[in-house]
């Protein structure tokens with residue numbers, strides 16, 4: 001159920017019969033959602049809990065700002081975890097309107113298949129499965145023009161109808177903001193326990209101000225924050241190894257923000273043009289360009305993440 005900072009003082013509660021209909025509901029942004037939503041406990045939550053019982057760790061990748069590299073980071077984290085053949089990894093792309101994970105992970109053009117046990121993830125390799133609405137589009141350029149309830153429905157299907165199997169790490173790639181998709185995933189996984197969120201930012205203040213809202217969102221819905229990653233923290237020339245600042249950290253960047261917000265800072269990842277190339281061709285940047293300083297930064301951050309959640 002959607003929530004907002006502007007909840008009326010005498011809100012009857014989103015699951016009551018008066019939800020969206022009481023006089024206190026007038027003017028609330030969630031009035032229509034509360035009035036039309038089914039009342040009482042959602043029976044699908046038990047099905048989701050049962051399906052998710054085979055998933056050991058669930059990690060959300062968040063950022064209030066678009067274009068900071070959430071999907072890139074999610075894909076590389078998935079590739080890194082699955083480099084150990086004994087670790088099973090699932091990547092769930094809930095960016096319904098901008099599903100980029102299939103392209104980034106080399107799965108463009110693939111389709112979902114159904115078995116007796118449910119939908120099957122699309123596999124990059126034997127121990128790395130992916131689910132995205134991108135697999136359902138007849139044309140990758142098709143726009144997904146959906147309102148909240150339909151978005152929520154597909155996210156619920158990804159959780160309860162996909163046969164993920166035994167998974168060590170499930171990585172959930174989210175869209176920008178703190179809206180329908182974020183509220184849905186936190187509500188649906190409430191009984192299954194989310195290990196935490198990794199929050200991605202870039203150094204400039206225009207990104208940090210949105211990321212602060214994401215940190216506030218995590219606190220309000222009680223999602224632990226694994227840490228903040230500063231992406232695109234500087235450009236390191238692949239030839240001369242000189243570093244140039246592209247996005248100036250006018251207010252101190254991601255590290256200063258993490259200190260101010262009292263959340264862990266996992267590290268900074270410099271720009272490397274080959275990251276974009278790896279994403280466009282759907283390969284692991286960490287495998288293809290292990291000589292890059294960005295690769296070393298990724299590996300240090302991934303080691304910290306494993307330490308925190310294991």
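A Cβ is built for glycine as well, from the same backbone N, Cα and C atoms used for every other residue.
TrEMBL has this to say about the protein:
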- 11, 25, 28, 34: [4Fe-4S] cluster 1 binding site (BINDING)
- 64, 65, 66, 67, 68, 69, 70, 71: ATP binding site (BINDING)
- 237, 240: [4Fe-4S] cluster 2 binding site (BINDING)
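Residue 240 ([4Fe-4S] cluster 2 binding site) has 69 as its nearest neighbour among the binding-site residues 25, 69, 70, going by CA to CA distance. Nearest Cα neighbour of residue 28 ([4Fe-4S] cluster 1 binding site) among the listed binding-site residues (64, 65, 67, 68, 237): 64. Rounded to a whole number, the C-alpha distance linking residue 11 ([4Fe-4S] cluster 1 binding site) with residue 237 ([4Fe-4S] cluster 2 binding site) is 56 angstrom. Note on proximity: among 25, 34, 237, the binding-site residues of the record, the Cα nearest residue 66 (ATP binding site) is that of 237. In sequence order, 63, 176, 200, 202, 207 are the residues of the same chain, not among 64, 65, 66, 67, 68, 69, 70, 71, whose CB sits within 8 A of the CB centroid for the ATP site. Each of the binding-site residues 25, 28, 34, 237, 240 was scored by the other Cβ atoms within 10 Å of its Cβ; the lowest score goes to 240. Neighbour list (residue 70 (ATP binding site), Cβ cut-off 8 Å, at least 6 residues apart, same chain): 61, 62, 63, 173, 174, 176, 200.
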